[in-house]
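Below you'll find the structure, written out as structure tokens, and then a few comments.
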Amino acid sequence: MLKLAVGLLLAAALALLLDWYAPSGTGTTMTPVGRRRRQAPQPVPGAEAANLLWVVQVSDIHISRFRDPKRAPDFEKFCSETIDIIQPALVLATGDLTDAKTRDKLGSEQVEVEWKTYQAILKRSRVMEKTKWIDIKGNHDSFNIPHLDSVRNYYRKYSAWRKDGSFHYIHTTSFGNYSFICVDATLSPGPKRPYNFFGILNMNQMKELSLMATESLHSNHTVWFGHFPTSTIVSPAPGIRTLMSSATAYLCGHLHTMGGLMPALHSQHRGGTLELELGDWMDNRRYRILAFDHDLLSFADLNFEEWPVVLITNPKSFLYSSSAHEPLVKILYSTHIRILAFSPSAIISVKVYIDGVHLGNAHQVSGPLYVLKWSPRNYSEGFHHIDVTVQDASGRISTRGHVFAMEENLSLRFGFWPSVILLTDHYVLARVLFGLIVLIQIALLVIFRYLQKPALKEKPGLLTLTSYSLHVFSKTNTFYYSILVLNLYTILGPWFVGELIDGQMGACFSFGVFVGGSFLQGSLTFVVGILQMLFFNLPLMAYLCWCLLLRCQGHSLCSHIRDIRRLVAVVVHLAMALLLAWQVYSCYFLQRTYGTLAFFLSPMRTWLVVLTSALIYKTWTLEPSELRTYIVEMKNCQS
């Protein structure tokens, strides 16, 4: 009965987790054919080249002085040729315009020549004369900047936008206004890497964004954009997602497809706002076209120099639909399938298929718009799949498709892992996990310190030996107090003191960073703390327990390799050696990143290496008299 109850509880928890992290794209305002409105909403997608706006997004460009010499020339070609072909009304460059890393990739600083290269590309390509170019800062553009008025804040000097902070840009067309709200969550002061991986918004910034959100309610649509995904923005209540709930979409970058593991990081907030992370230009040469066609949002994530480019704007994808923000009923009353097709060469054919059936060839109306007459009521029930194949005069072929529907109560879900990555407040999760891990280790120490040690009456098993070693460890003052203080210090003490910004001293704690008279609350610090606990503090305690257990069994440093299974001993010692080597490397990283002073004033790195060496030495040189009771008991048990 108990197993059944536990199973039901686990099943319920899993169902809730999947429901929370796999939000569904739904078009619930679309009326089924059987209950259609008497009058169609006007205007509807038809054969005219009207009520159509498209923009381009590019992110994480990382112009670098030291790496990938093709990155800047490719970006210049993108600005001069790709933008000429697509001719967007607006281009959003969502942060990390420059790389700002040193040659060895360990340090970080603003490199003026990278900014000059970026500005030169914009000027030579004359892209700012062809379209509205809005570029914003990313965390790399804020490395090692003491304050916004600093001469090292090259964004103000070399970017196109040149204004720090969040802002509201309104794009005006003959068919309405479209609001674009920038979320600037970059840190000021901006420490060196890695402690500005998360963005932070304070209460004043949240109030400013709230006012912008209210102003944007009069626009046809609102698109928010920023560098950081909402899951990597630290914000006070009610939270950044609540502020942007009136937006149709939030466009961001920063995560670089997670090293290729997540080529499409898309999800949807509870209020219907789409969150669309764009892969990086740096390594993957990604960019995005986003279109509003009769106020229906469509987009395509694309690879540089892959032609033709195809974007189906009607019928739009069901997965990326939001009944709270879009007039989805217009699809049901539309008269034509609508497609945007771009290529350096002339487009010679645009073939349309629905559910594998060839409907015909779309014809060009004007510019990149191609249309094909259709009857939406033929597809009023269930899901359907539209595919469009475009061929240009150079023989290049491209196919794009998606699922669409017009019926109520249907559901498609976003991927579980993209939703976990985009919808979890990772700094909150990291804070909780870090606290739990530290408390568990402290609790183990204290419990076994004061718990009466049971007598060994028969040949002990693995679990009994583990418990016995924890008793020995916790009841030996040298090790008990050393590890207890280490864990308390991991939570409370400064991990290191050094130049977190050139010329400005700072201190890093688990709960945040003090630098330049400012406090930056903890985010990545908790992640680093988790790694420290899982890959050093806990293994160190386990290793010391194992060594003490061998001492209780009568072994010495030399004899235990002969008398116990050699492979086990070698594996355990090698694992600890590797973890200690990682700790030593982190000391080197600290010196290269924050200076020599940080190396010496680092209790959680340099000092811990010394403490670890001393504790390991102590386990093998501890006087037998201090372990006499345990040694006798272990010998009696073995005999």
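Just so you know, glycine gets a Cβ as well, placed from its N, Cα and C.
Curation plays no part in TrEMBL annotations; they are all automatic predictions.
Some features that TrEMBL has for this protein:
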SIGNAL    1-27  signal peptide
DOMAIN    54-257  domain 'Calcineurin-like phosphoesterase'
DOMAIN    305-399  domain 'TMEM62 Ig-like'
TRANSMEM  428-451  transmembrane segment
DOMAIN    433-558  domain 'TMEM62 C-terminal'
TRANSMEM  478-497  transmembrane segment
TRANSMEM  524-546  transmembrane segment
TRANSMEM  567-585  transmembrane segment
TRANSMEM  597-617  transmembrane segment
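Under 8 Å from some Cβ of the transmembrane segment (524-546) lie the Cβ atoms of residues 194-195, 197-198, 426-427, 430-431, 433-434, 437-438, 441, 466, 469-470, 472-473, 479, 483, 486-487, 490-491, 508-513, 572, 575-576, 579, 582-583, 604, 608, 612, 615-616, 619, all in the same chain and six or more residues away from its ends. Non-local neighbours of the transmembrane segment (428-451) in the same chain are 467, 470-471, 473-475, 480, 483-484, 487-488, 490-491, 510, 522-523, 526-527, 529-530, 533-534, 537-538, 541; each lies 6+ residues outside the stretch with a CB under 8 Å from one of its CB atoms.
Across the domain 'TMEM62 C-terminal' (433-558), the DSSP tally of helix, strand and coil residues reads 76 helix, 20 strand, 30 coil.
Across the domain 'TMEM62 Ig-like' (305-399), mean pLDDT in this model comes to 97. Same-chain residues lying 6+ beyond the ends of the transmembrane segment (597-617) with a Cβ under 8 Å from its Cβ atoms: 478-479, 482, 486, 489-490, 493-499, 532, 536, 540, 543-544, 547, 576, 580, 583-584, 586-587, 590-591.
For the domain 'TMEM62 Ig-like' (305-399), the DSSP counts in helix, strand and coil order read 9 helix, 49 strand, 37 coil.
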